[in-house]
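Chemist: After the structure tokens below, expect a handful of questions from me.
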Amino acid sequence: MPLLWKRGFLLVICWIIVRSSPTPGSEGHSSVADCPSCALTTLSKDVPSSQPEMVEAVKKHILNMLHLRDRPNITQPVPKAALLNATKKLHVGKVGDDGYVEIEDDVGRRAEMNEVVEQTSEIITFAESGTPKKTLHFEISKEGSELSVVEHAEVWLFLKVSKANRSRTKVTIRLFQQQRQPKGNSEAAEDMEDMGLKGERSETLISEKAVDARKSTWHIFPISSSVQRLLDQGQSSLDVRIACDLCQETGASLVLLGKKKKKEDDGEGKEKDGGELTGEEEKEQSHRPFLMMLARHSEDRQHRRRERGLECDGKVNICCKKQFFVSFKDIGWSDWIIAPTGYHANYCEEECPSHIAGTSGSSLSFHSTVINHYRMRGHSPFANLKSCCVPTKLRPMSMLYYDDGQNIIKKDIQNMIVEECGCS
């Protein structure tokens, strides 16, 4: 029923546009006035500023799909060592030979196989120091709190073992979630005072694991149910106390926070960076604790098999797909978008002589964004035009980026890249 409604709505819109378009006998009528996709070609030739306008439309479209008003302001990015280590260890991406992060685009491959793809976000939140000592603070991104189901959530901790340690002794690492202490519970308040929390917070064991203390390595602690409860309560701050009773005896220690880069005085009373990190400091930064969360909400999608559309190669004058790539580095966005390196903002152009065939309203998302952007700018090629050559197949796009809170987010965005074009 929703699909039929969308088709009906599209036909009504097309009918209104056709009724408002100039008649075939109108003076100055041309093939350009028959279809906005034809006007795209004309615009690129007649309007010198068309490419900058297209780029601006693409930027607005990406921000809209990521539910952002403006691009995040990155003042203190996560150290590259920590970023590369986190993405290397998780399935959100891999590090290429050149040191850049490449997204593992599983969602795109699934879309090619016509599988139902659910909108998901994979979020990496690096720990901040908490109170009291040995407490980690995670500020979960708003992106994660808006999604309904936590597929899994894990805290990653690095256990560093002294080279002199030859013991086979295992140590038990425990994670306690700290929460505000309810009023009126005097007995619990006394217990908190014994733990040095002054009765302000209670804590609950949320994960524990016995690990081998013979080698330095990462350890994963699942806390999915705890994060789900936290989000269900409308909260986004997670405080976790880390306990390891036998670590000191076995010569092992948990890297709870990477060492910060030292500051130096520049002689004028201002601080400046104190040079490059040492090898040990670089290693500490790469072992910074983090929380990895995969969250989702289902979105019904229906797929239909279609014949592959035409590519615009300069030799065809019927409805086809025009390739248009926007490099994030060229537009100054590479500081907050980790991967991919750019966006294939393909669109549809050329003439469409065939009759109207209904398509899903969601399929028009990007095409309509570009057309409306030009129409609002008052470019004459788009005045009183009827839509005809439109996307008939789109695929998702995976993005890895920083939000304003310096969290790393991997988001699979539906209907982002035009794959095929056809006549509506």
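Cβ coordinates come from backbone N, Cα and C, glycine included.
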Chemist: Among Cys247, Cys388, Cys421, Cys423, find the residue that Swiss-Prot gives as the disulfide bond partner of Cys348.
Modeler: Cys421
Chemist: Looking only at Cys312, Cys388, Cys389, which is named in Swiss-Prot as the disulfide mate of Cys319?
Modeler: Cys389
Chemist: Looking at Asn73, Asn165, which residue has the N-linked glycosylation site feature per Swiss-Prot?
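Modeler: Record lookup, Swiss-Prot, feature N-linked glycosylation site, residue Asn165.
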Chemist: Could you check which of 178-200, 293-315 is flagged in Swiss-Prot as region 'Disordered'?
Modeler: 178-200
